[in-house]
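*Asks:* Sharing a structure, written as structure tokens. Questions coming.
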Amino acid sequence: MDEKTYKLIGEDYPGNRAEDVKNPGLLWMTGYLFIVSFLGLFSLVPLRKVMVMDYKLTYPSGTATAMLINSFHTNAGAELARQEVSCLGKYLSISFFWSCFKWFFSGIGDSCGFDKFPSLGLTLFKNTFYFDFSPIYVGCGLICPHIVSCSFLLGAIISWGFLWPFISQRAGDWYPADLGTNDFRGLYGYKVFIGISLSLGDGLYNLIKITAISIKEMCKIIISQKDLPILEEVLDNKSSKSLLEGKKRDRVFLKDRIPFWFAASGYVGLAAISTATIPIMFPPLRWYLVIWSYIIVPALAFCNSYGAGLTDMSMATIYGKMGLFTFASLVGSNGGVLAGLAAAAVMTSIVATAADLMQDFKTGYLTLSSAKSMFVSQLIGTAMGCVIAPLTFWLYWSAFDIGSPEGPYQAPFAVATRQLAILAIQGFSELPKHCLAFCLVFFAAALLINFLRDVAPKKVSQFIPIPIAMALTFYIGASFAVDMFVGTVVLFVWERLNRKGAEDYAPAVASGLICGDGIWSIPSAVLSIFRINPPICMYFVPS
């Protein structure tokens, strides 16, 4: 939104108006965050049982965190628990020191190091097919169901193996050939909008299905005048330790209920305050558009939380771009850029915090923590973030030349996002040729695939891919899919050789890999702050 980005794009750039500028300010940014950041926490609270217990979504990072927490509170006499803790600690250390070792070869920029290792050859590397030695995604492959990792790889093959090369060959016909890599009028537009269509189709199908099942169950309660059971299945083998532990987790998770009326009234109340204040901050974003965004965004929050539960990746910024494009096109040339950017920030915040809360609920479920305590803690943490985040940003904004093309903090996505808003005021007609047709086809394909998963026998449906997992690779690239597939292949072989060992130790190994890589991000950030760069740039060229 700031003046510097406006000038970088060009004052004479079509659609780039000086009126659509709002420079950062500590007070208005803090107030803005307090207005919008809490809405996501209330949007999906009523669906926590569905996401965590009924769908049994993995939330790999949440599961890894729970595994790490539980490792500090195991019974001293439990031999298996001691071995699991030892296994977690070992692989956490391996992951941490491996990430440290990789740092020395990563150089300056994003083209060096093991993260850009053409392990499958330079030809496939150009299409992002390579193993980048990432412990966190190998760990996700170990902890996620096989079908999720295979869906990732299938999506990568369809998009980066066939679809994007096919569309790239039409450059100059379907879209101008001289566009930048982040220009939505080119290949980037296909990647973002087709990926969104596939994930929306999957998420909306499951949201409608959950709503229909809930209404059906409520009708049964009204007719029979009986309480809704906590679990749908009957657990008759009470001697099984795992079943007893599962029942205990269910009981603790559901004991501290967060009433539906509380979540609904909190969301409506905050939305009302936001509807009254956001148009004051951003006049082009009218009050009725703010209301429409709050009506739409819970469905998007569900889609994102569902996808994050399967894949451990949040697409909040992608949904934000979709909101930006929609609202900027609705407002038009008279303030559409500023309105679209403001709406995108609102939607991104709500969608992201909803997914984070659901992941924390998964951690709380596995650690026998009170759901109310988790919710209150999230409220406190969000309030702290509303103060700390603007202060941190303002520190950098005041001390460095943020956004300068020659500086260390270039903020390239600021220019790309403003250009998307400028593009959006022309409407969907500015998208590249056949983009909307592709979007409709993939949206329909997601609905059809989900329908087949529901109607097919279990022995068949377990091999049908998950559209939302496929959608993520359309945008982020194939390397993540390769990493996760390596993890799932390791798990598959381990299960064939020693199923009991895999059941006991695979979650500990996966958690160690995920946590170790995550912990390394702290010293890595400190080194970056002090401008200590890696001493070596390792890269590869044809011989």
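Any Cβ shown, glycine's included, is placed from N, Cα and C.
TrEMBL lists these features:
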TRANSMEM  26-47  transmembrane segment
TRANSMEM  136-167  transmembrane segment
TRANSMEM  187-208  transmembrane segment
TRANSMEM  258-281  transmembrane segment
TRANSMEM  287-306  transmembrane segment
TRANSMEM  337-358  transmembrane segment
TRANSMEM  379-397  transmembrane segment
TRANSMEM  435-452  transmembrane segment
TRANSMEM  472-494  transmembrane segment
*Asks:* Does the structure show the transmembrane segment (187-208) and the transmembrane segment (258-281) touching, where I'm treating 3 or more Cβ pairs under 8 angstroms (sequence separation 6 or more) as a contact?
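*Replies:* No, these stretches are not in contact.
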*Asks:* May I ask for the residues of the chain that lie six or more residues beyond the transmembrane segment (287-306) and have a Cβ under 8 Å from a Cβ within it?
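*Replies:* Residues 39-40, 43-44, 47, 51, 55, 57, 199-200, 202-204, 206-207, 267, 271, 274-276, 278-279, 314-316, 319, 322-323, 327, 330-331, 339, 343, 346-347, 350-352, 354-355, 358, 468 contact the transmembrane segment (287-306) from elsewhere in the chain.
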*Asks:* Can you tell me which recorded stretch out of 26-47, 136-167, 258-281, 435-452, 472-494 has the most Cβ pairs within less than 8 Å of the transmembrane segment (337-358)?
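*Replies:* If we count Cβ pairs closer than 8 Å to the transmembrane segment (337-358), 26-47 scores highest.
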*Asks:* How about the transmembrane segment (379-397) and the transmembrane segment (26-47): at least 3 CB pairs under 8 Å, pairs 6 or more apart in sequence, or not?
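*Replies:* Stretch pair touches.
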*Asks:* At a Cβ cut-off of 8 Å, and with pairs 6 or more apart in sequence only, do we get at least 3 pairs between the transmembrane segment (472-494) and the transmembrane segment (136-167), yes or no?
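*Replies:* Taking Cβ pairs at least 6 residues apart, the transmembrane segment (136-167) and the transmembrane segment (472-494) are in contact, with 3 or more under 8 Å.
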*Asks:* Going along the chain, which residues at least six beyond the ends of the transmembrane segment (26-47) come within the CB cut-off of under 8 Å?
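*Replies:* Distant Cβ neighbours of the transmembrane segment (26-47) are 210, 258, 260, 263-264, 266-267, 270-271, 273-274, 277-278, 281, 294, 297-298, 301-302, 305, 345-346, 349-354, 356-358, 375, 378-379, 382-383, 385-387, 389-391, 393-394.
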